């Protein structure tokens, strides 16, 4: 737009060179933005992109400042005023767009304004010197404003991160059993219900495993609740290590746990339950030298529309395992 307004006042060869350089720098920045959008989220970090971003920003500002100085006519006050007007406008846009990076903003403003401002400052005309002084005063106010704006943005970013962290902690606390580190009852049923519907929709097999520790009340009564809590913590570690990320497992309350195994046949689920019993049998906590558990396994029927009935079937199998002598697995009939 500046070149169009002053087409008859500027050197055309300088105009074309300036536009060509600005186009090249703009394409370079565009390629950088495309690369940023295409890269994985894990690679979109300030450490990876800040230098590239700063380099292209300073390059564009330098080309703009050098081009404005190159087209500045020596004896045309109107054209000089227009050049400075557009240069000031570019510097204002830098403040509005790049304030989060104050030093980049100041560098961009300096590169855009400094060449023409210094040239005007040492001219003989009072009008030219006045324009230069006005730009210097403007730049000083802008520098102060960028400092305050950058501080405000930094405070806002820190508060946002703190709120996100607090939200993650609160969400984790609301969904996690404090003692075992597994999902609590509410979180288990929320995730399990969704998993049940997903397996039902995709016609995938789904197995449920109910686990209840044997004689846990005796452990609490004999050795104290601290020992009982330690046993539960170890149970949480074993269960967490024994299953996949796609499985859903949690503590329902007391010494009772539940596990859902998607895309798993009843035979595989039975084998997993047997291995879990062996892992639990190897636990030793302080004075407790023998820990065991009973497990019930049930498979979802193809036409089953009730998630609770799947858990009930696994629970019935669990009580059959206890009735048969505990420390074993029973399969739903």
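Glycine residues also receive a Cβ, built from the backbone N, Cα and C atoms like all the rest.
Here the transmembrane segment (15-37) has long-range neighbours at 3, 7, 44, 49, 52-53, 56-57, 59-60, 63-64, 67, 70-71, meaning same-chain residues at least 6 beyond its ends whose C-beta is under 8 angstroms from one of its own. The transmembrane segment feature in TrEMBL is assigned to 15-37 (among others).
Residues 3, 6, 10-11, 14-15, 17-18, 21-22, 25-26, 28-29, 32, 83, 86-87, 90, 94, 98, 101, 104, 107-109, 111-116, 119 of the same chain sit 6 or more residues outside the transmembrane segment (53-71) yet have a Cβ under 8 Å from a Cβ within it. TrEMBL lists 53-71 (among others) with the feature transmembrane segment.
The transmembrane segment annotation in TrEMBL covers 77-96 (among others).
Annotated transmembrane segment per TrEMBL: 103-121 (among others), in sequence order.
Feature annotation from TrEMBL assigns transmembrane segment to 127-145 (among others). Within the same chain, residues 77, 80-81, 84, 87-88, 91-92, 95, 106, 109-110, 113, 117-118, 120-121 sit at least 6 positions outside the transmembrane segment (127-145) and bring their C-beta atoms closer than 8 Å to a C-beta of that stretch.
What TrEMBL lists as domain 'GGDEF' is 204-333.
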